Each structure stands twice: as structure tokens, then as C-alpha cells.
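Chemist: Dropping the structure in here first, questions after.
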Amino acid sequence: MRNCLPMELNLRKGDKVWVEDKDLAWIAADVLDSFDNKLHVETSTGKKVFVSPEKLFRRDPDDEEHNGVDDMTKLTYLHEAGVLYNLQRRYALNDIYTYTGSILIAVNPFKKLPHLYNGHMMEQYMGAPFGELSPHVFAVSDVAYRAMIDDSRSQSILVSGESGAGKTETTKLIMQYLTFVGGRATDDDRSVEQQVLESNPLLEAFGNAKTVRNDNSSRFGKFVEIQFDTNGRISGAAIRTYLLERSRVVRITDPERNYHCFYQLCASGNDAEKYKLSNPRQFHYLNQSKTYELEGVSSAEEYKNTRRAMDIVGISQDEQEGIFRTLAAILHLGNVEFSSGREHDSSVVKDPESRHHLQMAADLFKCDANLLLASLCTRSILTREGIIIKALDPNAAVTSRDTLAKTVYAHLFDWLVDKINKSVGQDPESRFQIGVLDIYGFECFKNNSFEQFCINFANEKLQQHFNEHVFKMEQDEYRKEEINWSYIEFIDNQDVLDLIEKKPIGVIALLDEACMFPRSTHESFSMKLFQNFRFHPRLEKPKFSETDFTLSHYAGKVTYQTEAFLDKNRDYTIVEHCNLLSSSKCPFVAGIFPSAPEESTRSSYKFSSVSSRFKQQLQALMETLSKTEPHYVRCVKPNSLNRPQKFESLSVLHQLRCGGVLEAVRISLAGYPTRRNYSDFVDRFGLLAPEFMDESNDEQALTEKILSKLGLGNYQLGRTKVFLRAGQIGILDSRRAEVLDASARLIQRRLRTFVTHQNFISARASAISIQAYCRGCLSRNAYATRRNAAAAVLVQKHVRRWLSRCAFVKLVSAAIVLQSCIRADSTRLKFSHQKEHRAASLIQAHWRIHKFRSAFRHRQSSIIAIQCRWRQKLAKREFRKLKQVANEAGALRLAKTKLEKRLEDLEWRLQLEKRLRTSGEEAKSSEISKLQKTLESFSLKLDAARLATINECNKNAVLEKQLDISMKEKSAVERELNGMVELKKDNALLKNSMNSLEKKNRVLEKELLNAKTNCNNTLQKLKEAEKRCSELQTSVQSLEEKLSHLENENQVLMQKTLITSPERIGQILGEKHSSAVVPAQNDRRSVFETPTPSKHIMPFSHSLSESRRSKLTAERNLENYELLSRCIKENLGFNDDKPLAACVIYKCLLHWRAFESESTAIFNIIIEGINEALKGGDENGVLPYWLSNASALLCLLQRNLRSNSFLNASAQRSGRAAYGVKSPFKLHGPDDGASHIEARYPALLFKQQLTACVEKIYGLIRDNLKKELSPLLGSCIQAPKASRGIAGKSRSPGGVPQQSPSSQWESILKFLDSLMSRLRENHVPSFFIRKLVTQVFSFINLSLFNSLLLRRECCTFSNGEYVKSGISELEKWIANAKEEFAGTSWHELNYIRQAVGFLVIHQKKKKSLDEIRQDLCPVLTIRQIYRISTMYWDDKYGTQSVSSEVVSQMRVLVDKDNQKQTSNSFLLDDDMSIPFSAEDIDKAIPVLDPSEIEPPKFVSEYTCAQSLVKKPSIASTSKQII
């Protein structure tokens, strides 16, 4: 590729270059000096070397500041060093996907990145133009899907890369996306889409294994064809596999593993025991390597997943049983060992353990163990004389055993693929399909064998197809831009393909020929190969080997060792093995080994060339790919240690060469690799020809003039781009750097002059200041000397005065101390004499007190003893009286119990009377009389109870009086005892009995308190009984009132019928019965009829037949329906900001008493009418109109309806009937502002339906607004390209951005103004306007923020200024709309505001992570901040993003965040919820009074609603009726 670049001889000191390095592939360097043919450069490691210019590549100085480009074609210098560095920079920032034109490069991150692959991310890429969002495997998948739909042509996606590069995961992601966009909305686990997805883990279990480089390496090639119908839905699928590595079944090396399915089966628990399996270490086919477990993978769980995948794909339980029986048989077969037999060159089973495993294998295969042993130890040869049995030595028997194991596993794998294809099913009517190819990449190891030869042959084929496609894309680009491209050529690899596959002397043909001869060896094969291709440029013979050969592939030279070529190419099938297993009693085993034709059984061996078969499969694959439009995904493994964030440059560079990425770059370099839009070219290189910038606004003409002035000829001008040959952009950058250097020198010269002048002025001013300061210091020093002398004299005077005063004060204080001591001694003596005198007096007083107190206590104890004897006597007397009172209280409780039972009986009878009141009015009147009699009897009993209670109270009063008398007597006795001093001898006896009397007294007091408590309880129960009796009396009165109300209502109805004109009555009576209405209408008559007692309307009911009455009801119902339908269909407008339709409908329902009906017909008509009205007309006008009306009607129902109960319903109806007679308006329709209406279940159900209708209307308005807003927001996220005349004025870095918003933001403002005007014209409550505007701004925030994170061209400084100016306009709009309508809309823009604020802030590199998270972007998550920081680039001032230390800290936090189970996507989710409930609407919308609103004029045309209009006449009529 380097030969395609011209020698860049114009390098000069200071230029940035790339230097080849043996450890890092390429390393950054700076040119220090240039000599004749050498350049002196200094690398980034500090090493200084001399290098030839042709071995250097230019390096873009902006690469260090930017975080790489998402498309390699945008690189300033397109070469392998730039490609490698760009991938490394992006990989360090977790940007694992990069484009090279239409080719996607995917670098394996070796860690989970769930935020890149969730459903929300799929929705973002669905339908997005290619290249508009960040590179992603979903973007390639979407391009293929859209191309298939738009062009009606099949597509293919080719995924390649070396083992461990992530091909399998990438393929699964592609299939996952295709099933997402092409799947059906179904929950069926057996859908085609689900089966296609589940085929991946199933094939991984049987076709993937751990290798040295990869823990989940695919050991086969896979091509999945996903078929689509005409609607773009998946209709079928087919899987083709290539070159399964059969030898891995019997032979593995450490640290590799066998296929995953074996380890899963050993860890399956009960199933493993059933098949006599144990630890994998016990089986020869698994213990050849010491690796049995994979880190972070549970074989038991994977076994369950495999079983689940089998169920979804459609493999029955019997077939699953057969699959795992076969796997277990293979493991047991591997443990069968052989030893030499008695005969020469014969073999037998080695030991009993081998015999056991042989028997287990035979049991699992369901065949005879002896026949199985014979097929392993002998071989049958068919000759003319007959069949000859040949014994095999132990080595040959082991080979036969391994051949059987490989054959069984290969048949099992083929059956599994075929079963998946049959289960998923292929659509024969499918017009197009998308094929996903997951095949091994180019391999070059230290030792390369037959597998590497086949793999590299396949990659040569695919590379040829890839080169043709890339060259075709280049041609399409040139043709689209209308430039000349006919002379561009590219290198083809057809010669190496001919060397490999051409007949009759290609490598494959010679290999097959050698395999057909038993005595051929790899030496003879190599010799014949060199004899035929001695002078071929693509074939070389190594110096130190006679049998190896080297092929020059497109990715480099590979040396193959031919020792095992012949054995691996021979695919022998032993007929005895096939015959044995085809006759198995196990249907599954016999099914995977169909019976062979008779002619094929004549030989014990059937030879088949692996290379020839692979060549045919590859040819069929290429034919399929040639019929499709290809898309390429190149997977790259960044390091050999499988660790994240480690990038091995040499390994990646080798993979880029092997994957054809650098070949695509080379093809691009052969033409015009550098392409720039005219506007970008003029913006960057316009300073090279400033004299042309103001002449014309034609950017193409300006580009041509700039290139002509510089004398460049290797360019072509397309329609929208300028195309430059390789190296030309370097010349332009060099010239630009020279101009910038000259300008910089001029600026520096002027700046130095200015700085020197400023320094001189500053120095002169400083000198003057210093002189003035020195003079001031001298003057201040002289003044300070004089002031100090005067101060010293003053200090001396004050010191002398202070010393004299101190001596005088000391003398005075000494005299005072002497005087005070003398006075204190005399005072203390006097005080001691007074203290002794007082103590003597106090002792005398206490002695006298003690003497008198002892006498008093003796006398007092005697008195108390006498009192206790007397109280004992009185207490006994009182106890006898209290016992009598207690007996009387027991009788009272018995009477109370009987009374309670009678009350309960009364309550039961009252309930019975309520239930039976509907049987007839006569029965009710008789029951009322009975109840009155019962009430009188209960009243008498109540009076008796009251008298008993009064008597008991009187008795209690008498007892209290007696207690008072006894207390008085006690006091008298106490007075008498004061004079009984002579009774001292009886004190001892009284003291002994005092304690017992006190105890008895306490017992009696407790019994007295209990008696009082019982009396109080009895009184309380009597009061409750009285209350119940009053309630019964009230209910009886209500029944009487109801009866009178019903009679009054019947009279009113009678008078109404009498008012009817005689002509009308005659007309009704004269109609025939045949004119009755349909029964369906009769069913609805109960909607508006109020049931009336039949005995009051019998005279008139006899005059009208039942059919006539039903017809009148049906006609009235039809009229009601017509009125409601007209109110719904016509736009009635608003009256005083109140919706007329809602008020009229509510008043009609109230007047017709529809809320009390058991029918839902009228409510269904209203709901259906509203839904029909929403479907027709202009949605912008209809939806707000009905949002206003439906919410108003809902509020009226919410505030005035309440649920009905059984006991209150009758009372409420009778109350309304009576009130209707008294009030004229109530007769024809209750007042809207009246108390709550008792609603039945249909009315409550109607309220719920209306609530759902309001939510539906709100959701439709919101969704329509989002649909209108989405295309406007798509153009607002990125600043538009300014015209040349305007842009020329602000091209300098110091240019001030325009503050006025562009037309795109003006369209947003117009949209918001239109929204507000529509809502306010239809008088939508401010509550709904506030919610709608808030959700609209939330959607603006979501759309702008997600677009910012997915499009790198939007994360620029100038674009941030542009979006910020637009957001400021939105802020003005919110301020003008006021909080009543805007609500918290400004806070909904927090995410985009903070993101844009981060883009436009200066000196990002000085910001710490805490400052960014806490001050700049407190709302954003660490993942979102990391995404913006890594995608940001300054297109205006060229400043850098945050520092690398901050990026590293962010990466650590993002990795920790990845380990959480919660959603960790950096994109925002759209909130589709309804942000209110019926209660919120009721609280937010002001009170609405429908009675104050005059209905429309057409309402008077309907007789059923005339009462709503003609209120005065109705009032007068009601007065006459009364």
C-alpha cells in the first residue's frame, strides 16, 4: 500500500509524521531537521532517528486533540498509520465501531456494553440514513434491510475476522436487529423470528469450542439466509454450514476444549446419571486438555438454555433424547481402549473398564455390542472369491474408533442443521432475502496445516468479491459526482485462486490425485507441486524444508506444512460403521445414518475429498453472494489476552491486512482518496487565496481558483465535492501551515512592538512612583523622630506620677487592713456569746414540745379505738341494706334483657316490613298501623322502664341520705369521745379489732362502687333503647311521607294526561296495533321511564294498550337520541368560555333521569358519537374541541354523581318526587347545582368510559404534536451551512455567532404558537394546556439530546452555540406563555441545556470530573457525560475536550455502571404515560354551573327538551298542577 503514495519531499522542520516501529507498528514523531535524503525526527518516546522520507507518513496535528473520526474516509491523511491510530483512539473511548466507507470495522471490547444493543437503540437506528448516526452494526443491518425493501433485491452481510474477534456475537446482533424490524407483533415462542434467534445458541453448543485465542470459537462456517415476504416480514430461514472441524471431537490440545455440548451434558445432573456420565475428567475425548470449565460460564445453565432452544426450534423430546444419547455414546466410545490379540495384527478390548464403556456405547446406540466391537477391530474386504475379514492391530482399531466418533458427530451436526431448516421452514414464495455470513477470517500461524489452507482459500474468494464490490462503490461515487475514473485500476487476486483451484493442475487437483493413490505421501505431493508451479509468482519453496510450500495471499505470505494434508483431505467413511448404525433399534440413530445404496457397500471405505467438497460449497456460496448486494463487517481482535482496553497495534494491523480493510484503503488510494465538500474545502483553505473570497459565492469556482493558484493538477471537481489524489492534501496543509506561520510571525511582531511600548510606559510610571515613595519615606522618618521625642517627655511625666501614687495607695491599704482585723476579733467574741444563749433556749423549747406531744398521742390513740368500734357497728348495718339494694338491681337487669330482646325482635320485623313494602300500598298501610300499635306498646314499656329507673334512682338517693346521716352521727360521736379520757383500759382491745374492721370497710366500699357502676350502665342502655325507638318512629314517618308523595305524584301525572288535547288522545287511540315499533327499541324504554304505582294510573292505563304505550316510549327515545346525536355532531361552540355541548348533554341526562336508569343504551350512544366525531374532520380543531367538552362533562359527573345504595335509593326517589311537586323546576329537571345524585351502575360505568375517552383524546393530541414536531427537530439539532457571503464574515475564530435563530427554530416557535392558539380557541382548560406543553418540551429535550449523543457532527462548539441560541428563544416563549400554561416546561429541557452548556464552555481541559458532574451537568449520568466528552470536537477555536485523566476516571465509573442490572443506556426514553387522573381533573378545573347557560335554539325544536328552554311556562304549569 505504501507504494501507492508519492514520496513526500516537502516535509520541513516541525511537521508531524508517523515513523515505522517494530513494537508499535507506527509511532508519532516530529521532524527536527532535513538533510540530503534523510530526515532527522524525534519520536514520542524521545528517541531521535534518521529516516528516509519515503518511509514516513504525514500525521494530522489535530489528531491528538480529536477523539478520532467515525469514518476513515474523513481522515486528512488516509494511510495505514492513520487508520491504525484512529481505531486505537476510538477503542480507548469504547467506540468499538468505525466505518471505512460502507465497511464497518468492529473491535471486540471484551466486556459487556449493554447500552449499545437494547431495544431503544434499535429504534434509533431503524430507518435512519446511513452515516447520520454513530457507527453501529445496527446501521449496517438497517441499510441492508432498507435496500432490500426499496430496491427489491436480496442483500448479504459478510462478517469476517480471526478467532476471538467477535464474529459470532456480531452475527447474533445482526440477526437480532433483522428480527426486530422484520418480526411480527406476537408473543409466540415458536415464531419464525424466535426460532431464527434460538438457532444461534443451539449451533454454538454443537459447533463452538474453546481455542487458544477464544473461549467461544466457531469451528464451522455459517451462512444464514433470512427470507422476507412482500411486506418485509420474516417468512422463513435457512442455514448452511461449511467445513466443520471434525478432528476436534477426538483430538484436542491444552488449553483448548472439545465442543461445548459434551461439557453441558456432563453437567446436566439427572440426565448425566441416566447416560452413566460423570466428571469430564473421566473421558478420553475431554481429558486431553486440563481446561474443563470456562470463566463466568455455568455448563448446567447452558445445558438448560440448549434444551430451551431445542424446544423453541421445534425438536421433539424424543429427538432431544436421541441427540444426547448419541453424545453420551461418543464419550463412552472414546474410553474404549485396545490391546494386541492372540493372532498377529489383531486387537481386543484392553480391560473390563473398556468393556463396560463399549457396552454402554452399544446400549446408547441400541446395537449389539459384539457387532460394534467387530466393526472397530476388523474390516471386511469384498473380492471376487467372496468377503475377506481382516483383523486390525490396536493402533488401527483406535483409528477406526475415532473415525466412528467423528462420523457420528458429523452426521449429528448435519442432522441438527437440517432439522433447524425444516423446523423454521423456507418460504417458496419469498421474493428476496438477507444472508448473513459468519465465516473464519484469514489465518497465519507458526504451523499452518490443511485447515488453514482451506480457510485462506475461502478468504481469497471472499476478498476477490470484496475487491470488486469496493471498486464498484468507488466507481459509483465517481459516476455520481460525474468525474473521469476510467484509468483507475486495482490489483486482482485471480492468479492465486487459479493456482489453488484450477483444473487439472491446481493445488486442490494435485492433492485429490495424491489422495487417490494409497502409496502417495506428502513428499511426493510437494515434489509434484513444485514441478508444476516452479515459476509461479505466488508459490515459493522455503529454504529449510523440502515438503513445505509458501503461498503469497492478499494478506501476506503463508507457509503450509504438508505432513497431514493427505490424511485430512481423505474423508473415509467405513461402510461397516454405517451399516451397523443404520440398523440401530434407536429411531434417531438409524435416522441420521440412512441405508446406503447396494453398489456403495462393495468397498469397506468410501473416499471423499474434503477440499473438493469445500470448493463446491464455496462456489455455491459465491454464486449466492453474486446475486445479492453485499455489506461488510470486519471484526478485529485488539489483543491476544482477551482483556478490555488493551490494544496491540501489530496484531490489529495484521488483522486489518488480513480482513481486507487496508486493501480497501489501497483501492481508495489508487483513485482519489481525499474528498471534501466545497464548503469545507473553502473554509479550510480559503486563506491560501484571500483575494478570491469576496468575488463570488460559488464555492466550486472558489475551489478551482484556489487549486489553480497553487498549481495542483491531481484533482477533479465533482458536483458536490472536490477529489484529490493521495498526497495532495499534504501539500495543501503544508501551504496552509506556511501562510499561518507567516501570519503568526506578523502577529507576533506587532504584538512584541505593542508589548515593548507598554513595558516602557509601565517602567516610566514605575520610576516616578518609586521616587515619590522615597521622598515620602524621608519626610515620614523626620516627623516620626520629632514625635517620638515629645512622646518620651510625656511618658516620663506620667511614670513619675504613677510611682508616687502607687506608694501612697500601699500605705493607705496597710492601715485599713490593721483596723479591719481589730474590729473583726471583737465582733467574733460578741457573736459566740449570742450563739450559746440561743442554743440553750432552743433545747428548752424542744423538750417542752416533746412532753406535750407524747401526752397528746396517748390520748388520741384511745379516741381512735373507740371510733373504730362504733364504725364497725354502723358498717355492718349498712352492709345489710346494700345487699337488699343488690337484689333489686338484679331484677332490673332481667327486665332490661327482656327489653333488649323485644327491641331486636322489633328491628327484625322492621327490616321485614321494608323488604315487603313493594308488595302493595294496602299492605304497607296495614303494616304501618301494626307498627303504630307496636310502637305504643313499646312506649308503655319504655315508660315503665323509665319509672323503674326513677325508682332505682330514688332508692340510691335515700341510701345517700342515710350515708350523710351516719356521717353526721359519726361526727357527733367523735365530739363525745373527746371527753372520754377514762376509757384508756379498752384501747388494747380496740387496736386488735381495728385492722379487721378496716379491711371489711374497704370491701364494702368496693361493692358500693360496683353497684353504682351497674346502675350507670343500665341507664346508658335504656337511653340507647330510647334512641332506637326514636329511629324506628322516624323510619315509619318516612314511609308515611313516601306514600303521600307517591299519591301526589300520581295526581300530577293524572293532571298532565288531562291537559293533553282531546284530538291527540283520539289520534293515539285510533292507531292500529300493527304500527308497533321494533322490539329492540322497546328494550330501551326503561331508560327514561319512572316506575309508578299501578293503582293510581289504572283509569288511564285501561284507555291505552300496551303496544301504544311502547310506541310512544320508542318515539320519545328516538327523539332523545336524535337530540344527543345533533349535539355531538355539530360544533355548538362556547358560551362564556363554557362548552355548550357538555352542558346540554348533562342537562338532558339529568332531566331524563338517565343516571338512575339500569340501561346503558344512551351512554353507549354518547361514547360512540364522540368516537365518531374524533375520526372525522380536522384533527387540529376537533381534538381540542372535544378535549374541552369531554373534560367538562367528566367534571360535572365527578362532582354530582355518587354511588347508590339499597336503603337510600327509595328514600331519595321519594324525596325527589315530593320535592318535585313543591318546586316547579324540580318537576322537569333538577337544578344542576343541587346536591349529589344517587347514580346506578350504568352511570358510574359511563363516567369511567368518559375518563378513558378524555385520556384517549389527550393521547391523540400529544402523539399528533410529536409527529408534527419530529421533522422540525431533525433540522434543529445541527447548525445549517451558512451562505458564502454571510459565512465569509464569520469565518475567523473571533467571529461572533449570530444570535437570531434560524428558520428551523422559527418553525418550532411558530408550531408552539399555533398549538397555544388552537388550544385557547377551543377553551381547553389551562390544566391540560400545561400538561401538553410540558410533554411537548420533554419530547423536544429527548429528541435533541438523543440526536446529540448519536451524531458526532452535532457535538461541536459551533453547533452548541446554535442550539443554545434556539433554546434561549424557547425560554423567551415560555416566559411569554406564563406559568399558567407553560408550567415546568423550562425544567424539562435540563438535559439538552446542560449538554449544550458543556459544549460551549471554554477551557474544558481544566475542568475536573467533580466540577463537570456537580456544576456543569448535575442531571446527566456519567455515561452521558462520557459520551459527550468523547464525541466533542471544537470546529471553531480548535480547543480540546476534557483531559485524559478525567476521561480515564469516567471510563472507570462507566465500567462499574455496566455491572449493574438496571438499564444503562445513555439515551433518554419517551414518556408515553397519561400525566393525570379523573381526580386531578376535578381538582384543577373550576366549578361549572350548567343551569346558567342558555341552550342552543335548536334544542327548543325537541319536545323532550322544551322544559330546558321554557322555564317560565313550566313554572306556571306546575303551579296550576299544585
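Just so you know, the numbers here start at 1 and follow the chain as drawn.
Yeah, the Cβs are placed from backbone N, Cα and C, and that goes for glycine too.
In case it's useful when we look at the structure, here is the feature table from Swiss-Prot:
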BINDING   161-168, 214-222  ATP binding site
COILED    889-1059  coiled coil
DOMAIN    12-61  domain 'Myosin N-terminal SH3-like'
DOMAIN    67-737  domain 'Myosin motor'
DOMAIN    763-792  domain 'IQ 1'
DOMAIN    788-817  domain 'IQ 2'
DOMAIN    811-840  domain 'IQ 3'
DOMAIN    836-865  domain 'IQ 4'
DOMAIN    859-888  domain 'IQ 5'
DOMAIN    1164-1456  domain 'Dilute'
REGION    499-533  region 'Actin-binding'
REGION    535-558  region 'Actin-binding'
REGION    593-618  region 'Actin-binding'
REGION    618-640  region 'Actin-binding'
Chemist: Once near-sequence residues are set aside, which residues in the chain of GLY161 (ATP binding site), 6 or more away, have Cβ atoms under 8 Å from its Cβ?
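Modeler: Spatial neighbours, sequence-distant, of GLY161 (ATP binding site): ALA106, LYS167, GLY441, ARG634, CYS635, VAL636, LYS637, GLN655, GLY659.
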Chemist: Could you give me the DSSP helix, strand and coil counts for the region 'Actin-binding' (535-558)?
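Modeler: Counting residues per DSSP class in the region 'Actin-binding' (535-558), I get 0 helix, 10 strand, 14 coil.
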Chemist: Would you count the other CB atoms within 10 A of the CB of LYS167 (ATP binding site), including those on all shown protein chains?
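Modeler: Here the count is 28.
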Chemist: The domain 'IQ 2' (788-817): mean pLDDT?
Modeler: 93
Chemist: For GLY221 (ATP binding site), which residues of its chain lie six or more apart in sequence with Cβ-Cβ distance below 8 Å?
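Modeler: Expected: THR241, TYR242, LEU243, LEU437, ASP438, ILE439, TYR440, ALA458.
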Chemist: For ASP215 (ATP binding site), what is the tally of other C-beta atoms lying within 10 angstroms of its C-beta?
Modeler: 17
Chemist: Helix, strand or coil by DSSP: which one applies to LYS167 (ATP binding site)?
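Modeler: Once the DSSP labels are grouped into three classes, LYS167 (ATP binding site) ends up as helix.
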Chemist: Give the residue counts of the region 'Actin-binding' (499-533) per reduced DSSP state, in the order helix, strand, coil.
Modeler: 24 helix, 0 strand, 11 coil
Chemist: Using a Cβ-Cβ cut-off under 8 angstroms and a sequence gap of six or more, which residues of the chain neighbour GLY164 (ATP binding site)?
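Modeler: The answer is ASN108, THR211, ARG213, ASN214, SER217, LYS637, ASN642.
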Chemist: Of the residues in the domain 'IQ 2' (788-817), how many are helix, strand and coil by DSSP?
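Modeler: Breakdown, helix to coil: 30 helix, 0 strand, 0 coil.
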Chemist: Could you put numbers on the helix, strand and coil content of the domain 'Myosin N-terminal SH3-like' (12-61), residue by residue per DSSP?
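Modeler: Final tally across the stretch: 4 helix, 28 strand, 18 coil.
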Chemist: Report the DSSP secondary-structure composition of the domain 'IQ 4' (836-865) as helix, strand and coil residue counts.
Modeler: 30 helix, 0 strand, 0 coil
